[in-house]
Amino acid sequence: MTAKFAIILAAGQGTRMKSKLYKVLHPVCGKAMVDHVLSQVEKDNVDQIVTIVGHGAEKVQETLGDRTKYALQEEQLGTGHAVLQAEKMLGSKDGMTLVTCGDTPLFMAETFAKLFEYHEKNGDVATVLTAKADDPFGYGRVIRNAVGEVEKIVEQKDATPEEAKVDEINTGVYVFDNQALFKALHQVNNDNAQGEYYLPDVIGIFQNAGKKVGAFEMDDFEESMGVNDRIALAKATKVMQRRINEKHMRNGVTIIDPDNTYIDAGVQIGADTVIEPGVQLKGKTIIGEDCVIGAHSQIRDCKIEDGVTVTASYLEESVMHKNSNIGPYSHLRPLADIGENVHIGNFVEVKKAEIGKNTKVGHLTYVGDATLGKNINVGCGTIFINYDGMNKHHTNVGDYSFIGSGANLVAPLEIEDHAYVAAGSTITNDVPAHAMGIGRGRQVNKEGYYDRYPVAEAAKKAEKADKD
Ligand code: UD1
Ligand code: CA
């Protein structure tokens, strides 16, 4: 079997992005473009992958880790010069080499595999992957001779008006005979509009030397989309989003409105879960089966077990165990652990807190730095006061306890099992099991005081109006 190698070009700055972030690191559906490229190349079982890094080399290496080898291109003198940086690692080897760019995130492993196959079958020195574009502006054009063979590739900026009319574009993906590639690269010059060493120039060099160059035209231009600016980034994101959503739907997930559902590449979802419109699922979120993720919820890096219902809520780095529910309008901040069958209602914020099974936190409550047992009822408007301005303190609430509405629980605090906190209390001391903690001022009624306030005047007017 012929050895297979791959080179990914990722050293450019990406000036047209106008960004502080290096181009190939811009995310498409939560994953860096160059990571998408590498993930697909990895599926093709190549013997060695070399990624060319330059601008932001460290960051690119941090993102891709040891899944690829790296060659450094210190100065970005063009795509041909970039490939040449892999010569030390690959130059002497027999085999065929796929070259692709870190800014074409939509290519699929199957397309690369087909290109390898086509190249090997034809025995050409190089095969360029081409596509027909409705709007070829910005891409290199594939110029064919009278008998339809690829003669050369010209860049947009170097094209004659005649050449610019050609709608067959260079996708930036090629398979080469490995040794011939590096030999030809030494003949590439930078005598062109951009003063760069162009990789596609090797095609013309091969032709001039009488070596046969092949072209493999793919029928889906969309897949070859190169991202040079934010407009293309948005277009590529749309395509990727559609692909991701279709994958989940094929796996048994109901997505009510796929055009308005935003799921990152790394998210997993179980069958029979329903995703309503406007939902964003980010990062490494895992969602089980039979869940309902209600409209406009945002979930990042969470684990959601089977049968959970999330209604218009915002969840980060948290866990929701089986059959629990939350919302509308609640917020799980990092390290919330919501037990089985727990009910979190509306306008509740939970941070770094564990809530035991069957417990209910229905309304307008803050739970921070706390451990709650099972079967507790937390009344409306309860505040776990965890911060003294300097340090965070912890509160424990035991099983079967009852926290009356409007309680302030001042941590550190221990409320034991079967304890009762009276509504409106400010609790600063521990409450033992089976006791009631009550901490509030006594009520006094002042007779006739109502009539001293302006409200009484307003009431009189309203009463009169009611009668008229
Ligand atoms: C390139 C092709 C063009 C093709 C298009 C497809 C060249 C000269 N042109 O144009 O024919 O239609 O891709 O998308 O190859 N890079 C380096 N080092 C460099 C320069 C670039 O590593 O010195 C990397 C970039 O990071 C990028 C890739 O190579 O990932 C392509 O470079 P880019 O400048 O985007 O080329 P295009 O103008 O898009
Ligand atoms: Ca490009």
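Each Cβ is built from the backbone N, Cα and C atoms, and glycine gets one as well.
Among the candidates ALA419, ALA423, ALA456, the residue that TrEMBL names alongside ASN386, TYR387, SER405, ARG440 for the acetyl-CoA site is ALA423. Residues of the same chain lying 6 or more positions beyond the ends of the region 'Linker' (231-251) and with a Cβ under 8 Å from any Cβ of it are 17, 26, 28-29, 33, 36, 105-106, 222-223, 225, 258, 261-265, 267, 269, 271, 275. Listed in sequence order, ILE52, THR79, ALA82, VAL83, VAL99, THR100, CYS101, GLY102, LEU199 are the same-chain residues six or more apart from LEU9 (UDP-N-acetyl-alpha-D-glucosamine binding site) with CB atoms under 8 A from its CB. Other C-beta atoms found within 10 angstroms of the C-beta of ALA423 (acetyl-CoA binding site) number 16, with every protein chain shown included. With the fewest other Cβ atoms inside 10 Å of its Cβ, the least crowded of the binding-site residues GLY78, GLY140 in this structure is GLY78. For the pair GLY140 (UDP-N-acetyl-alpha-D-glucosamine binding site) and ARG440 (acetyl-CoA binding site), the C-alpha distance works out to 77 angstrom. Listed binding-site residues near ASP103 (Mg(2+) binding site): LYS23 (candidates LYS23, GLY78, ARG333, TYR387, SER405; Cα-Cα distance within 10 Å).
Within 10 Å of the C-beta of LYS23 (UDP-N-acetyl-alpha-D-glucosamine binding site) we count 25 further C-beta atoms, all protein chains included.
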